[in-house]
Amino acid sequence: MEETIYFGLGLLAFYLVTYPRGVRSFFEQADSLFLISYATHMRKLVQYGMMYTFVRIAITNVIVVVIMLPVLMKSIGVTEIQVVLFWVFFTIFRFMLSLLTRFIHVQVGKRWVLWIVKNVVFSMSLSFFGISLFFIYKNLYYSILFIGLVIFLSSVLVKEKMNYKKFFFKEIEKEKEESMRWTSGIMQVGGHAAKPSSSNKKPWMFPRSKRLLGKKADSLIIESFLKEFFRTSTARIFYIQIVCMSTASIIMTPRWIAAIVLVFTVVAISRYARDYWNEFTKKMFLHLYCEEGELLLLRWKADRYLLLPAILLYAIVILAQFYLLPAVIGGFVFILLIVWIVFLP
């Protein structure tokens, strides 16, 4: 029962993340010159956008189904055919929903009306999705009804999508938002890679250099990078937030979900550190000590040092689930070590 609840929550989270995304059209401001003279070219752009959206949805749904496969087959007890039908329905349903989302955005003008319509459609589509999965699980023949209904609705929305001339400029606005989706999303959560900043004030983290990694030039460069990383508020907040959330997943979620979260956390920290490292290595004095290839190797070493506190914390939390006393002692030593390295001069 617990696995089934986590399956539902995971599916709901995925639904919430993907719901706002509409079908692509790849329209740009310059395409307005071809709006009347090259109608065939414009229709092909719309078709390519729909094909791209459908393929993207199909691939992401394969990943979701593969991740959820242990829960689907062991805990819930679905068959292989039901898994395939679930994937087919989920793919066509998401494609239909992306068409509907973009249709609503270009049709509705006022923001408050758009907000109401989007919430109503979200509630209705979520209910329809849950009911459909329930009936497909109960009887395979229901899949014909629900998949057929979704295909019919998709065909109607595709026909409306091809009538692009009325809402061409709204399509351009939505395409700009879609192309900047990752940038705006990262900026909103504070996960953007801020440029290393310099200040004359005495820092409250790492107030004095302890030469923790040694006196070699490579070690000094890595140590300087780590100190600048944690002294930057956005980088520090991002690191603490993602490590705390992933640590909580070890305690509160099943092992397979926790493993996925931990892998995602390691990749996210590494990618974030890479962007920060690129800004850090623009400093001219670094190129006096290291060539470009050596700086790349140093980045991998810096990644390992950056991930070390998180991995130690994960190890202590995992140990606490089996042996509490050694974990408490290890946690106490870990805290003292962090305080000594980070705060004490």
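Residue 1 is the first one shown; counting continues down the chain.
Note: Cβ is positioned from N, Cα and C throughout, glycine not excepted.
A TrEMBL annotation is a machine prediction, not a hand-curated record.
Database features, via TrEMBL:
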| type | residues | note |
| --- | --- | --- |
| TRANSMEM | 6-27 | transmembrane segment |
| TRANSMEM | 48-69 | transmembrane segment |
| TRANSMEM | 81-100 | transmembrane segment |
| TRANSMEM | 112-134 | transmembrane segment |
| TRANSMEM | 140-158 | transmembrane segment |
| TRANSMEM | 234-251 | transmembrane segment |
| TRANSMEM | 257-274 | transmembrane segment |
| TRANSMEM | 305-322 | transmembrane segment |
| TRANSMEM | 328-344 | transmembrane segment |
For the transmembrane segment (305-322), sequence-distant contacts whose Cβ falls under 8 Å of one of its Cβ atoms, 6 or more beyond its ends:
213, 222, 226, 229, 239, 243, 246-247, 250-251, 262, 265-266, 269-270, 273, 328, 330-331, 334, 338
For the transmembrane segment (112-134) and the transmembrane segment (81-100), decide whether they are in contact, meaning at least 3 CB pairs lie under 8 A, counting pairs 6 or more apart in sequence.
yes
Beyond the flanks of the transmembrane segment (81-100) by 6 or more, those residues with Cβ under 8 Å of it:
18-19, 21-23, 50, 53-54, 57-58, 61-62, 64-65, 69, 72-73, 121, 125, 129, 132-133, 136-137, 140, 143, 146-147, 150-151, 153-154, 157-158, 161
